[in-house]
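The structure appears below as structure tokens.
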Amino acid sequence: DLQTTGADHSATVNPDQQLIMTKHSATVTPENKCVFPFNYRGYRYYDCTRTDSFYRWCSLTGTYSGSWKYCAATDYAKCAFPFVYRGQTYDRCTTDGSLFRISWCSVTPNYDHHGAWKYC
């Protein structure tokens with residue numbers, strides 16, 4: 001249950017810090033970082049997700065263990081350069097393979113292996 005409604009979840013937020021919520025309590029700590037990829041309920045995530053939540057969140061460990069936080073702009077996955085796509089190495093965003101010719105990049109060094117990407 002990652003939604004923050006209910007009696008178990010309450011905290012005040014300092015706008016200069018990130019709100020870190022666990023399943024049972026909330027703690028404000030500025031140094032916690034998202035871990036990518038992370039495993040949650042049998043799936044691997046390479047970026048922040050809305051799974052089981054109204055807002056995008058990430059795990060603070062490689063395998064979700066109850067430590068997580070809402071994602072800020074700086075938490076989202078970054079392009080991994082260089083990356084491999086269809087056996088070719090790219091050192092910048094590409095429109096190759098994009099149906100609508102929109103620039104994209106892999107968020108892992110090997111798109112062919114992981115299939116994880118984002119728009120540039």
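Note: Cβ is positioned from N, Cα and C throughout, glycine not excepted.
In Swiss-Prot this protein carries:
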type: REGION; residues: 1-28; note: region '2 X approximate repeats'
type: REPEAT; residues: 1-13; note: repeat '1'
type: CARBOHYD; residues: THR5; note: O-linked glycosylation site
type: CARBOHYD; residues: THR12; note: O-linked glycosylation site
type: CARBOHYD; residues: THR22; note: O-linked glycosylation site
type: CARBOHYD; residues: THR27; note: O-linked glycosylation site
type: DOMAIN; residues: 74-120; note: domain 'Fibronectin type-II 2'
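Per DSSP, the secondary structure of the domain 'Fibronectin type-II 2' (74-120) breaks down as 6 helix, 14 strand, 27 coil. Mean predicted confidence for the domain 'Fibronectin type-II 2' (74-120): the pLDDT average there is 96.
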